[in-house]
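The structure under discussion appears below in the form of structure tokens.
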Amino acid sequence: MSVATNPNHAGADREVGTQALNRELQDKGFLVTSSEDIINWARTGSLHWMTFGLACCAVEMMHTSMPRYDAERFGIAPRASPRQSDVMIVAGTLTNKMAPALRKVYDQMPEPRYVISMGSCANGGGYYHYSYSVVRGCDRIVPVDIYVPGCPPTAEALLYGILQLQRKIRRTGTIAR
């Protein structure tokens, strides 16, 4: 009995055929793509974020919505309800007493959902890291996609984190997460 050690090329012919079809139709105004790519493209331009402001980082988070930075030009708009939002921005010190509320709000968000951890306190406890009542990073309660460092981070840093999240969504998939 012999074992085949050749690499698996299943689907390679289909990929080559799709690329050839794309080249042929490109000049005619058509585009061949998958529905998942279209969904990822649309989702990156229409993220709805929900604030979970717990401390001074929340003030900088508010600045991103003001006219100077205008986060809506990047396709991200604030929402008041977790059921209408795709992104949760955790900004500030997360205490042990507040952790169950954070998890409950996260569970109410529809899939796919993303979390941005903003500031040193949300990232790892910050100044209050050794306090008995502080969670040493919100990633112990909810899965975090993007970390924004700083104490408090600037509005520009948060905007950069939002752009990184959009890039991550485009690069990975939103359907199977």
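Glycine is treated like the rest: Cβ placed from N, Cα and C.
Some features that Swiss-Prot has for this protein:
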type    : residues                     : note
BINDING : Cys56, Cys57, Cys121, Cys151 : [4Fe-4S] cluster binding site
* Structure fact -> Ordered by sequence, the long-range same-chain Cβ contacts of Cys57 ([4Fe-4S] cluster binding site) under 8 Å (at least 6 apart) are Ala91, Gly92, Met118, Gly119, Cys121, Ala122, Pro152, Pro153
* To do: Give the sequence-ordered set of same-chain residues, not counting Cys56, Cys57, Cys121, Cys151, with Cβ within 8 Å of the centre of the Cβ atoms defining the [4Fe-4S] cluster site.
  => Ala55, Ala91, Gly92, Thr93, Met118, Gly119, Ser120, Ala122, Gly126, Gly150, Pro152, Pro153
* Asked: So which one is it: of the binding-site residues Cys56, Cys121, Cys151, which has the fewest other Cβ atoms within 10 Å?
  -> Cys151
